[in-house]
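Engineer: Sharing a structure below in structure tokens format, with a few things to ask.
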């Protein structure tokens, strides 16, 4: 079996990636989230596949087909809630994974980092088109508001929006194509994950100390497979608690009402994991400026490898940048809170301050603290 594992053309790839992979001996639990994201992706694809067997992407029947899944399909309610709450677990793991990358300086592996940003954007696109499918009030108005932002693009904006809609408003054509996108994008994400792993295994994994770990590596199996298994069990337990006891806690009550183009909800907002970007979008009074800020709020992650001037790898021995990092995390939580609040004083002001702070921390404060800490080392 051992000879087959090491010599068989297909098993050899699996062996080099998950069994005999040389892994730093000191990586902590923060490194578990990569494997947890893989599990989340598998759960989403499997539950999504079963939901797609019963869902109809037609404006007249989409809402009732989701109700039919919950009421008439065997364990349909469970599959639906695992899928909906699985998306939330996916984004929790994703945010922690990116946060760990920033904290421990994983962005120096620029190819892996940049593929990760593309993965993040693709996952956000998948979640957005998926949120439209139940065809509730918030699904419809969320799709209308977010796609309408593209009309801010000079010259081609209006044409582009109507092209995406497949008409002059969000309607049957929009729902059908969004279902097609939602079905195909997870498989594109899977392909990108393989590219992400390919680049990661070219350089080897980063580790908490930030030092070269080539002299101290252990095989991935059994050490980290068992460690990851614990994380997977905890993730599944959290997901089951969420899906069985609090299935609708992260959803929007407006989505229990079928989509009505003649009745606008009092407060249109996306799912909780987009609220930070939505708050940044709303904090700028100009439409085009808001759209640019929204895009930059994610693409700014690509600036980390370029703005990094530190002589040390990661933040483990850098107290000034550590403080700035945790301020950044707190600021993100404030933005998430503001994104879910109505557009009125004092929320608009807090949102504007938090949005300015978001970009200031990444572009100005972190590079400044790098320089200060480099000078402290010289003393």
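Keep in mind that glycine also has a Cβ here, set from the backbone N, Cα and C atoms.
Given the structure is predicted, the values throughout are model-derived calculations rather than measurements.
Under the heading transmembrane segment, Swiss-Prot lists 33-53, 77-98, 113-133, 178-198, 226-246, 288-308, 320-340, 347-367, citing similarity to another entry as support. What Swiss-Prot records for 83, 182 is heme b b562 binding site, and it gives similarity to another entry as the kind of evidence. Marked as heme b b566 binding site by Swiss-Prot on the basis of similarity to another entry: 97, 196. Residues annotated as ubiquinone binding site in Swiss-Prot, with similarity to another entry given as evidence: 201.
Show me how these features fit into the structure around them.
Structural biologist: Note: residue 182 (heme b b562 binding site) has non-local neighbours 48, 126, 129, 130, 133, i.e. same-chain residues 6+ apart with C-beta under 8 A of its own C-beta.
When Cβ atoms from all protein chains are considered, those within 10 Å of residue 196 (heme b b566 binding site) total 21, not counting its own.
For residue 201 (ubiquinone binding site), the same-chain residues lying six or more positions away in sequence with a CB closer than 8 A to its CB are 16, 17, 21. In the three-state DSSP assignment, the secondary structure recorded for residue 201 (ubiquinone binding site) is helix.
Within the chain carrying the transmembrane segment (226-246), a Cβ under 8 angstroms from the stretch's Cβ atoms is held by residues 29, 32-33, 35-36, 39-40, 43, 78, 81-82, 85-86, 88-89, 93, all 6 or more beyond its ends.
Among residues of the same chain six or more beyond the transmembrane segment (288-308), those with a C-beta under 8 A of the stretch's C-beta atoms are 98, 102, 105, 107-108, 110, 113-114, 117, 120-121, 124, 149-150, 152-154, 276-278, 280-282, 355, 358-359, 362-363, 366-367, 370.
Residues 99, 102-103, 269-270, 272, 274-280, 282, 310, 347, 350-351, 354-355, 357-358, 361-362, 365-366, 369-370, 372-373 of the same chain lie 6 or more positions beyond the ends of the transmembrane segment (320-340) yet place their CB under 8 Å from a CB of it.
Long-range contacts of the transmembrane segment (347-367) within the same chain, counting only residues at least 6 positions beyond its ends with a Cβ under 8 Å from a Cβ of the stretch, are 279-280, 282-284, 293, 296-297, 300, 303-304, 307, 309, 321, 324-325, 327-328, 331-332, 334-335, 338-339, 341.
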Engineer: Express the distance between the Cα positions of residue 97 (heme b b566 binding site) and residue 83 (heme b b562 binding site) as a whole number of Å.
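Structural biologist: Cα-Cα, rounded: 20 Å.
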Engineer: Let me spell it out: take the transmembrane segment (113-133), skip the flanking residues so only those 6+ beyond its ends count, and list any with a Cβ under 8 Å from a Cβ in it.
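Structural biologist: Counting only partners 6 or more residues beyond its ends, the transmembrane segment (113-133) has Cβ contacts under 8 Å with 55, 57, 62, 66, 87, 90-91, 94, 98, 101, 106-107, 139-140, 142-143, 146, 170, 174-175, 178-179, 181-182, 185-186, 188-189, 192-193, 195-196, 199, 270-271, 273-274, 298-299, 301-302, 304-305.
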Engineer: Over all shown protein chains, what is the count of other CB atoms within 10 A of the CB belonging to residue 97 (heme b b566 binding site)?
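Structural biologist: Other Cβ atoms found within 10 Å: 20.
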Engineer: Measuring Cα to Cα, tell me the gap between residue 196 (heme b b566 binding site) and residue 83 (heme b b562 binding site) in whole angstrom.
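Structural biologist: For residue 196 (heme b b566 binding site) versus residue 83 (heme b b562 binding site), the Cα atoms are 24 Å apart.
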Engineer: Sequence gap of 6 or more, Cβ distance under 8 Å: name the residues on the same chain that satisfy this around residue 83 (heme b b562 binding site), in order along the sequence.
Structural biologist: 44, 47, 48, 51
